[in-house]
């Protein structure tokens, strides 16, 4: 339900070190998302450190967008760090790209999540115009999930209708970008990705608990009235 993006924490005081952050939020979250800023700052050792701190899934949001061999090599390098899934762009296509990546995913156990839409306005300029193709590609490739923005719940609802229930939807954009906790879940997402609302807080654990409570209340209301 709640995935925390730690890329890296906005506040860099002592109480925002990764170990303290994770210990504070871990009981409230379903997993963690790290991206290129995290990897550049902390390296693979940082991912291994995060893995030692939690048993929850770790998603590497690298927005992979290359030929299959390059993406596959990247996943192989990540496989021994404890990463559970990577995020890749769908626009690279299936043949010679995602087909190869998914095959490597099956061997390494590192799942693939495809970007179907993004949370910023520019997504409408190019990416969103191809959302039908991206959703079809997600089904064809047999990926674990897709990314669809909490900032546009209509996109989430559309994706859920097209995909059915077999593919998970991860939704960024909660908090600083404007979407409220629980809104994406009500639209059909499985997970809401929350970053600065939690990592930028003086008390990340309390912030995560509050977000989780709001999610549960809103989800209960929209599903049970």
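In case you wondered, yes, glycine gets a Cβ from its N, Cα and C as well.
TrEMBL lists 61 (among others) with the feature active site, for OMPdecase activity. Counting every protein chain shown, the number of other Cβ atoms lying within 10 Å of the Cβ of residue 61 (active site, for OMPdecase activity) is 24.
What TrEMBL records for 63 (among others) is active site, for OMPdecase activity. The Cβ of residue 63 (active site, for OMPdecase activity) has 14 other Cβ atoms within 10 Å, all protein chains considered.
Residue 66 (active site, for OMPdecase activity): 15 other CB atoms within 10 A of its CB, across all protein chains. DSSP classifies residue 66 (active site, for OMPdecase activity) as coil under the three-state reduction. The active site, for OMPdecase activity annotation in TrEMBL covers 66 (among others).
Around residue 33 (substrate binding site), the same-chain residues six or more apart in sequence whose CB sits under 8 Å from its CB are 3, 4, 5, 6, 7, 58, 59, 61, 193, 195, listed in sequence order. Taken from TrEMBL, the feature substrate binding site applies to 7, 33, 119, 195, 196.
Per TrEMBL, domain 'Orotidine 5'-phosphate decarboxylase' is recorded for 1-211.
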Residue 195 (substrate binding site) CB neighbourhood, other CB atoms within 10 A: 22
Residue 33 (substrate binding site): secondary structure state under DSSP, collapsed to three categories: strand
DSSP-derived class (H/G/I helix, E/B strand, else coil) of residue 61 (active site, for OMPdecase activity): strand
